[in-house]
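Contents: one structure, followed by commentary.
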């Protein structure tokens, strides 16, 4: 499509707003501020070592080394978090923010007006890959603040953010790869925008994104196989058995270790992603964070006709219990996710209680 015929992100949001004549435009303004933050991060990522942005945050003058998750921070983690805060705190759209990189909610400074939305984000997902030039991204979720927060203007608390994924009013991610893309839902399907570096604008390039219901691809970190629960072992075992196994078809396995990149591949061509609950660490019933990773990706998948789940229940129905709560996550092509859910609810047979890489392993020589 010629450039002149493509909508900008701003035009797209205006068209969406027209569906609701009483809308104030405050949500549109917030999404545009988020997109501006993503543009700034995309530029920093693109410069890499030339911009002195690679390496651990411990080398920065401001210090920083380990975040609230106990993870070593990269320079770009710290920079990206700061960009999100500075680009979004001033506009009057937000009552507060929460981030993977901050232990407690961020209060909007007193010199700025406060609004009716909450912004939750992972400023740089997959940052462990940044030093080896693998695609990374930013994930965000927008919630409506509780009415008493809006009415009183009080400081937000952790409890204000503990809303199920179904309460999200918008969600999306930016992918910093060969091109920078923004995938967005405002509750009316999923649209994809590509950053035009000449104009500095996100242009609509993927309208009405749909995840195929069936697939021949799955993504999982097979190094954790010994910790998987039996339903996950069963599913992977059957996929690996290929055309001669119970599924009657061959599957490909993918693993990038960057959830934004995995989610983008699935939105573009289908597939299923699994980072399930396992027995590796009993204190962590999952690896990914519910509020700013699982929920926004889950909303995108559901809006694109896919499915997101814990493996046992729909992801968007989970009631959060803490700001940085971890959870098992399965998302992608609807029929595959539903199969995995079904396996979790069926009785465990002795056959699939056997570790995948033990004597029955399909990897056995």
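Cβ from N, Cα, C; glycine included.
As annotated by Swiss-Prot, Mg(2+) 1 binding site applies to 100, 122, 124. In sequence order, 41, 74, 76, 77, 80, 81, 130, 136, 137, 138 constitute the residues six or more apart from residue 124 (Mg(2+) 1 binding site) in its chain with CB-CB distances below 8 Å. In the three-state DSSP classification, residue 124 (Mg(2+) 1 binding site) falls within a strand.
Annotation comment: Swiss-Prot describes 122, 125, 293 as Mg(2+) 2 binding site. The 10 Å shell around the Cβ of residue 125 (Mg(2+) 2 binding site) contains 29 further Cβ atoms across the protein chains shown.
Look at Swiss-Prot and you will find 125, 126, 127, 128, 221 tagged as substrate binding site, backed by sequence analysis.
Classification of residue 221 (substrate binding site) by DSSP places it in coil, neither helical nor stranded. A separation of roughly 11 Å, to the nearest angstrom, links the Cα atoms of residue 126 (substrate binding site) and residue 293 (Mg(2+) 2 binding site).
Comparing residue 122 (Mg(2+) 1 binding site) with residue 128 (substrate binding site), their Cα atoms are 13 Å apart once rounded. Sequence-ordered, the extra residues of this chain that approach the Mg(2+) 1 site, with Cβ no more than 8 Å from the Cβ center of 100, 122, 124, are 77, 80, 81, 99, 101, 121, 123, 125, 127, 138, 139, 292, 293. Of 100, 127, 128, 221, all annotated as binding-site residues, the residue with the shortest Cα distance to residue 293 (Mg(2+) 2 binding site) is 100. For residue 100 (Mg(2+) 1 binding site), the nearest neighbour among the listed binding-site residues (125, 127, 221), judged by C-alpha distance, is 125.
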